[in-house]
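Presented below is the structure to which this report refers.
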């Protein structure tokens with residue numbers, strides 16, 4: 001009966017077109033429903049992390065390239081793109097970031113879930129405190145911009161008045177976000193939050209680029225004016241003042257003060273973008289409970305030589321800056337003497353910093369402590385930024401070396417060989433300092449503080465035993481050693497079981513090692529501040545060195561410097577932050 005009924009049904013469908021059409025439409029409808037449900041499931045599933053990272057990274061990169069394209073068009077000065085167009089574009093980006101930060105903070109407040117996971121290594125409190133100080137200086141700069149707009153409001157675009165207001169609001173909101181949310185490890189709405197965080201990263205990068213471009217334009221304008229006054233070149237300057245009278249008496253003070261605050265605003269935005277990038281990398285990350293612990297800061301006893309040497313370096317830098325800026329406007333002989341003074345000072349500084357970093361590396365060679373290879377996005381980013389920002393100075397240095405060697409047989413300034421020595425030492429100094437900082441960041445710290453006055457001997461064995469010993473038994477042995485042993489003395493587990501040969505043994509007390517490293521960190525810390533101050537406030541003798549201008553041409557050499565000097569400024573300030581972190585944890 002079943003077979004007969006099935007045959008009849010097939011016969012009816014075959015010879016009845018209406019029935020066949022109904023069955024066909026029913027099957028196609030079922031197929032569409034299955035396809036729709038499958039597509040719905042695939043869209044509602046969690047988007048793959050790598051795909052979300054790639055999409056958001058491409059969005060941010062293209063956003064940055066769009067902004068840089070507008071800046072390059074603005075650099076032509078005679079083109080259709082004006083400053084108000086660039087500022088309007090950046091203002092829109094800041095408003096979008098403000099909306100995202102507001103939505104994120106409101107959602108965090110409304111959620112009744114437990115406190116989100118937080119990365120203990122992201123955004124140390126002292127870094128956020130330093131950024132707060134830089135933000136205050138940025139707010140002062142915004143106030144000067146608003147005052148400048150009020151004075152010239154009759155002949156300049158309204159975008160120049162809206163921009164500082166939005167920037168001030170953006171700065172205040174962003175500092176609040178950094179203090180209360182930068183450590184969050186986001187686990188909900190990951191794809192949406194990736195785009196929000198990466199938008200904030202590249203918005204700050206664009207603000208950094210805008211600050212660098214404005215500061216460079218101001219420096220180049222003064223540089224051309226000085227060359228014209230000294231008769232070095234037949235150049236023409238571009239009038240950068242508005243074509244109307246200022247309605248207040250402090251417009252010139254506002255415009256002049258802006259460029260003394262630009263270095264702080266530039267460093268603020270580049271550091272914020274780095275911290276937000278770490279937050280972006282932490283989205284969806286599973287934290288390691290063992291490594292995600294905040295280590296205590298160590299003591300600072302025995303600090304004398306490092307701070308003293310750093311203060312001498314800082315005082316020397318300020319003196320060189322003042323003398324250089326004064327003599328630069330005088331006669332050609334005094335101008336050449338000022339440039340020579342800078343290079344002599346630079347050679348002495350580079351040599352001292354090479355010795356300091358090399359001594360720190362030698363101290364590390366005296367201990368048998370393994371490297372920390374755990375996952376830490378903040379530390380990885382620190383290392384990558386150190387190496388990437390070194391490229392600017394290295395390019396500038398090797399160009400100077402090529403120019404000095406190429407002009408060796410011809411008439412050259414008196415400081416040509418000093419410039420060659422300075423360039424080579426600059427390359428060496430950054431190589432050694434990078435090694436010292438990176439090894440310090442990756443060196444594993446002991447969980448217990450060592451007593452500097454304890455009569456212990458720090459023994460070094462070659463080759464190291466790390467990787468041979470089973471660390472799983474160390475905790476058990478430590479527990480047994482803590483128990484008092486009757487009639488016997490327990491040996492410290494920090495000493496090897498067998499005595500070392502005399503040629504492979506080096507005795508250094510832990511307290512002495514800590515003092516040496518802390519003094520080195522403090523000395524390098526203040527030296528990097530000194531080397532940041534000079535170019536940040538106008539001491540840039542590379543522009544006044546005729547060797548590179550004759551070898552590469554003025555346009556090529558100026559382009560190299562306009563790229564290399566901002567990277568060098570960031571390198572010095574980033575080294576300051578890294579060295580202070582090493583100083584606290586060593």
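In case you wondered, yes, glycine gets a Cβ from its N, Cα and C as well.
The topological domain 'Cytoplasmic' feature in Swiss-Prot is assigned to 1-52, 107-124, 183-190, 282-303, 363-380, 439-518, 580-586; the stated evidence is a curator's inference. If you look up Swiss-Prot, you'll see 53-74, 83-106, 125-147, 158-182, 191-217, 256-281, 304-326, 337-362, 381-405, 418-438, 519-537, 556-579 marked as transmembrane segment, on the strength of experimental evidence. According to Swiss-Prot, the feature topological domain 'Extracellular' maps to 75-82, 148-157, 218-255, 327-336, 406-417, 538-555. Summarising the annotation, Swiss-Prot assigns region 'Disordered' to 484-505.
For the transmembrane segment (53-74), same-chain residues at least 6 beyond its ends with a Cβ under 8 Å from one of its own Cβ atoms are 80-83, 85-86, 89-90, 93, 191, 194-195, 197-199, 201-203, 205-206, 209-210, 213, 280. The stretch from 381-405, 418-438, 556-579 with the most CB pairs below 8 A to the transmembrane segment (337-362) is 418-438. Using the rule of three or more Cβ pairs under 8 Å, pairs at least 6 apart in sequence, the transmembrane segment (83-106) is not in contact with the transmembrane segment (519-537). At the 8 Å Cβ threshold, with sequence separation of at least 6, the transmembrane segment (381-405) comes into contact with the transmembrane segment (256-281) through 3 or more pairs. Tertiary neighbourhood of the topological domain 'Extracellular' (327-336): same-chain residues 226, 229-230, 413-415, 544, selected by CB-CB distance under 8 Å and a gap of 6+ residues from either end. Beyond its flanks by at least six residues, the transmembrane segment (304-326) meets 338-339, 341-342, 345, 349, 352, 518-523, 525-527, 529-531, 533-534, 537-539, 541 of its own chain at Cβ-Cβ distances under 8 Å. For the topological domain 'Extracellular' (148-157), DSSP puts the residue distribution at 4 helix, 0 strand, 6 coil.
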